[in-house]
Each structure stands twice: as structure tokens, then as C-alpha cells.
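Input: a single structure, listed below in C-alpha cells.
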Amino acid sequence: MSGQRVDVKVVMLGKEYVGKTSLVERYVHDRFLVGPYQNTIGAAFVAKVMCVGDRTVTLGIWDTAGSERYEAMSRIYYRGAKAAIVCYDLTDSSSFERAKFWVKELRSLEEGCQIYLCGTKSDLLEEDRRRRRVDFHDVQDYADNIKAQLFETSSKTGQSVDELFQKVAEDYVSVAAFQVMTEDKGVDLSQKANPYFYSCCHH
């Protein structure tokens, strides 16, 4: 399997305004856009190529709408996902409760999907610790219970963003190394949505 290309479908889930799009912008474009984002309708797609060992990994990232009215549509996008980054706002306790909803959805519909819990806007806590509304230890206990990994991130400063996506890729490659793969089972990069590709592999 040396030098094999690996495609991984990754879905971003979470309540609206938790910062899913900002997270993707920071990872793919290494930028933080100031000002209000236009709400995602349905889902936005972007792909980024990276290297894990001697493998070329393409993360196909689906940034789904957080509004409850798009719930049914979101299910279309996370079908077949190998990894899900479930986001919540560290300053909004209701967003963590909403994250639990998405975890239940994934567990019932995509049992093989690896879940990563992602607390966002950690920079706001650096400014004022009293703004925290989601206790780290409570989330860690929950993550342990559902066998998920936990990251607290800031799209503004870039804290732990690259580490999160790197871990997603490394975990999938590790799992793939123990499986007999006769064909690509990752994201179909020909799907509609005007895919854009960004590479961080350098030869």
C-alpha cells in the first residue's frame, strides 16, 4: 500500500454560528475573515491534499448548514462519511447539546464514521475565561464515552486547527492499513459542488 492515494470524506456538523465555515477557511486557506459570514445553504465542498507518511491523502470536506431547517439535507451530505467533525461554541452551552444530537444521528446512520468533537472560539476564552459555558472535563467525559477525540480550537488564531485535520487524516490512514482495500471507498470528488483542491504536499 506504499504510496497509495487515499480519499477521505469528512463532514462538518454543528449548530449555526458555531464557526464551522471559519474552521474550514483557516485550515484550507490559512485565513480568518472578519465580519459576518453568509449562512451556508445545504453544504459547501472543498478538498485539500496532504501527506501522511508516504501516502497522499485527499480530505474532501463538506461544510454543512447548521440551521435546523436543513437537517434532512445534511443527512445527504454525511452519508458515507469516514470522519465527522462535530462543532460546538465554547461560549454557548446550547451548541454542545446540539452537538450531542448530531452524534446520535451519526451513530444511528453511519456507525463506521469516526467522530471528532471540536470546541470553537477558544480565543474568546483567552480574552475572558468567564465566557466559557461548556466545561472541558464534561466534554472530555462525553468524548471518552462515545470514543471520540476532543479538540478546542480557534479559527482566529489557528490554535489546534491543523492538528485536528492532521489527526483525522492520520487516523483514517491507520485504519486503512489494517484493511484490504480493493477499490477507493472515499469521497467521490466528481460530485456536484464546484470542488476546489488545495495541496500541502511538497516533493
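In case you wondered, yes, glycine gets a Cβ from its N, Cα and C as well.
Within the list Tyr17, Tyr142, the entry that Swiss-Prot describes as phosphotyrosine is Tyr17. Swiss-Prot lists region 'Switch I' at one of the ranges 30-45, 174-189, namely 30-45. Checking Tyr88, Tyr172 against Swiss-Prot, you find phosphotyrosine recorded for Tyr172. The secondary structure of Asp63 (Mg(2+) binding site), as reduced to three states from DSSP, is extended strand. When the binding-site residues Asp63, Asp123 are scored by other C-beta atoms within 10 Å, Asp63 scores highest. Most other Cβ atoms within 10 A: among the binding-site residues Gly19, Thr21, Lys121, Lys156, that distinction falls to Gly19.
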